[in-house]
Amino acid sequence: MSRQWLFSTNHKDIGTLYFIFGAWAGMVGTSLSILIRAELGHPGAFIGDDQIYNVIVTAHAFIMIFFMVMPIMIGGFGNWLVPLMLGAPDMAFPRMNNMSFWMLPPSLTLLISSSMVENGAGTGWTVYPPLSSGIAHAGASVDLAIFSLHLAGISSILGAVNFITTVINMRSPGITLDRMPLFVWSVVITAVLLLLSLPVLAGAITMLLTDRNLNTSFFDPAGGGDPILYQHLFWFFGHPEVYILILPGFGMISHIITQESGKKETFGNLGMIYAMLAIGLLGFIVWAHHMFTVGMDVDTRAYFTSATMIIAVPTGIKIFSWLATLHGTQLTYSPAMLWAFGFVFLFTVGGLTGVVLANSSIDIVLHDTYYVVAHFHYVLSMGAVFAIMAGFVHWYPLLTGLTMNPTWLKIQFSIMFVGVNLTFFPQHFLGLAGMPRRYSDFPDSYLTWNVVSSLGSTISLFAILYFLFIIWESMITQRTPAFPMQLSSSIEWYHTLPPAEHTYAELPLLTNNF
């Protein structure tokens, strides 16, 4: 057992570990979000202290981003699918792959510890000084959170190096870059973004650490520092990070839509690759749109508004190419396809509210209101999460060699769809009416939509529990698929289900008939 799970060098086993870890962290993060909605579900105090409330909000963000979405998308799907799609026997650095995983549990432990010592880190996930300084947040909490981020960051950087090396060096003959599957492209672009952005975050939080403990003044005006410098450094990481969260999802959705449409390739395959490259590049030059309210020059604001809107172009190319891939097909309403439809629709809605927020003048009013919360939860809670659900339902027979009950999956999708929309759609109204983020209480005039929102979160929770039940039922009954349900658009399906522990003992050769 310890040989297989503790010291594993097998990409499939490590991928499975990532899935289990991500699912566990996801349950912790979901519990925190239920606490947030319980607090906001009625006027007056429930938990009481705003510090505790902000600790919950901060932990919810960190856990969902660094310990749920990234481990599942990059660690789980990436590890499982990239070697299979490339025809590679494993990742380029199998032991480093294992180390990448085993840095995450200690990292999560440090994050949880930060909530339990002193008063917790109630800084929001951005950890802005002076709130995160040694005066406003005395004690070890923020320091523990910083070390947690360091560990998670090292884990991601090592993983990124591994994926980039694997894709450069371990492709089978015949898989040229232009014929490489879109999911592999999405993962390698994600890896480059991680490699370039995480060191900047590491620098920023290390400077914060020395400001707190070693008497430096990087972010303290009293010593000639500037807290705005921290914001620039953080968001130079933070904005690429949101594209890191969604890009692997783009790759998965491309595969699912292509395969379920019965097409042999995605519409505009090369355009899709260039669109992802453009999104990755542009993601680095728009960071200050998170800072429209800190007092930048008007020409700076004009630039960041324009650059942010340009990102909508490659994103639009992807949306319309997915629709074009669907064009002319007999639509199948399989569970994976339902998730993909939900993704395309809701991600588009989230993208549109993003274009609204890109206008610096409008953002002055909407900044730090629930409109922003609604925007990023539409692209994360219904973009990233729907992509994860789509990918899991689609590749579940490959991962386990079992099938889930499709009728139940469709019911579960419907419940989840209603739940997330009921949770986050009303938040647009709250934001437009001026309800601010990160407060545990609110004027009674905001009550109705907050009650609706909290009701939606309960429905979503039920949907997630139902999904866990469906997986459990599938594993108990052990229904095996007789054969893959559709013609494959990618080579990972040309295996036994699940694949043998060591696939591609002999290098596959891909010809033009592929």
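Cβ coordinates are placed from backbone N, Cα and C, and glycine is handled just like the others.
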Identity of the Cu cation-site residue among H239, H327, H375 (reference: H289, H290, source: Swiss-Prot): H239
Swiss-Prot annotation (transmembrane segment) - matching range among 80-100, 101-121: 101-121
Rounded to the nearest Å - Cα separation of H375 (heme a3 binding site) and H290 (Cu cation binding site): 13
Remote residues contacting the transmembrane segment (267-287) - C-beta distance under 8 A, at least 6 residues beyond either end: 178, 182, 185-186, 189-190, 192-193, 196-197, 232, 235-236, 238-240, 242-243, 247, 250-251, 254, 304, 307-308, 310-311, 313-315, 317-318, 321-322, 324-325, 327
Listed stretch, out of 101-121, 182-202, 337-357, 379-399, that has the most CB pairs under 8 angstroms to the transmembrane segment (415-435): 379-399
Distant-in-sequence neighbours of the transmembrane segment (233-253), which means Cβ under 8 A and at least six residues beyond its ends: 65, 69-70, 73-74, 77-78, 126-128, 181-187, 189-190, 193-194, 196-198, 200-201, 203-204, 207, 276, 279-280, 283-284, 286-291, 318, 322, 340, 343-344, 347, 376, 379-380, 383-384, 386-388, 390-391, 394
Cβ-centroid neighbours of Cu cation site H239, H289, H290, 8 Å, sequence order: W235, G238, V286, W287, A288, M291, F304, T308
Non-local residues, at least 6 beyond the ends, that sit with Cβ under 8 Å of the transmembrane segment (144-164): 58, 62, 66-67, 70, 74-75, 78, 82, 91-93, 96-97, 99-101, 103-104, 106-108, 110-111, 113-114, 117, 121, 123, 127, 187-188, 190-192, 194-195, 198-199, 201-202, 205-206, 208-209
Packing count at H290 (Cu cation binding site) (other Cβ atoms within 10 Å of its Cβ): 22
Top Cα neighbour of H289 (Cu cation binding site) in the set of binding-site residues H60, Y243, H377: Y243
